Amino acid sequence: MQGGNFTIWSIFFLEGFSRYPRLEVVLFVFSLVMYLITLLANSTLILIIVLDSRLQTPMYLFLGNLSFMDICYTSASIPTLLVNLLSSQKTIIFFGCAVQMYLSLAMGSTECVLLTVMAYDRYVAICNPLKYSIIMNRWVCVQMAMVSWVTGCLTALLETSFALKIPLCGNLIDHFTCEILAVLKLACASSLLMDTIMLVVSILLLPIPLLLICISYIFILSTILRISSAEGRNKAFSTCGAHLTVVILYYGAALSMYLKPSSSNSQKIDKIISLLYGVLTPMLNPIIYSLRNKEVKNGMKRLLGKIPLLQTHEHP
């Protein structure tokens, strides 16, 4: 549809990795394996948390939300990527592009807030252990999780709605997904309003939450160092190690994508980072928490013990 000197596109072409046809098969296998592991690992972790009454605690409530986000985040873009890697026509309709953009922004933004909430949870658990059950009661935890979701979904709706109103002078997106920055590069002219919205949301959901997480860990570290016994220090470190690892992985990738100087803007590097950010991080999150957490391991054993085929029977 023509509109003035620009076009309202009904379909978009995704450049993806079409410039590297030999690499596409390798990327297909890599993405498919990572995606299946992501679905299996996160679904298993959610199942353990829901079915095991011993894991009905604030930390695991947030962890279950994190796993659900990872499933939604990868499912927003990876299936399209897998289809396009094997297809000569790498296309996506306007509505599909809008949904993909919104879901990836919503899940990513929600995770930023949730990781901050999880850092506060660890701060209360270590710095105020005697008041933990009072401060982090179930209703407070549910409210915190809801705030994370509402914040992420509303900011994503704001960004997506304004991005879709901007006139585009082309329909070839130099990316494997409808990533908002890649779509905005097709704009016929720069939009001060859109640039301002992107800047404000990026600051609110990246540096500020990261600063709050760092402040939480400064207090946590100072408290841990005052613990006299080595066993107590190790236990305290182990409860924070998994979350801190996930934070470093998540924010390292996110900051490199959204807050890097424009002079270093290489679309090829963006696509590689996006692929690792969108496939590898969601897969590693449940693995990191499971490997470093005895309660999750024990919950897995109890869950497997309830499956009749896996139960051991004693013979007289």
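In case you wondered, yes, glycine gets a Cβ from its N, Cα and C as well.
Going by TrEMBL, these are the annotated features:
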DOMAIN    41-289  domain 'G-protein coupled receptors family 1 profile'
TRANSMEM  25-50  transmembrane segment
TRANSMEM  62-86  transmembrane segment
TRANSMEM  92-118  transmembrane segment
TRANSMEM  139-158  transmembrane segment
TRANSMEM  197-224  transmembrane segment
TRANSMEM  236-259  transmembrane segment
TRANSMEM  271-291  transmembrane segment
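Each residue in the domain 'G-protein coupled receptors family 1 profile' (41-289) has a pLDDT score, and their mean in this model is 85.
Contact between the transmembrane segment (62-86) and the transmembrane segment (139-158) is supported: at least 3 Cβ pairs lie under 8 Å, counting only residues 6 or more apart in sequence. Here the transmembrane segment (25-50) does not touch the transmembrane segment (197-224). Their Cβ atoms form fewer than 3 pairs under 8 Å, with each pair 6 or more residues apart. Distant neighbours of the transmembrane segment (271-291): 16-17, 27, 30-31, 34-35, 37-38, 41-42, 44-45, 63, 66-67, 70-71, 73-74, 77-78, 81, 104, 175-177, 179, 242, 245-246, 249-250, 253-254, 256-257, 297, 300; these residues of the same chain sit at least 6 beyond its ends, with a Cβ under 8 Å from one of its Cβ atoms.
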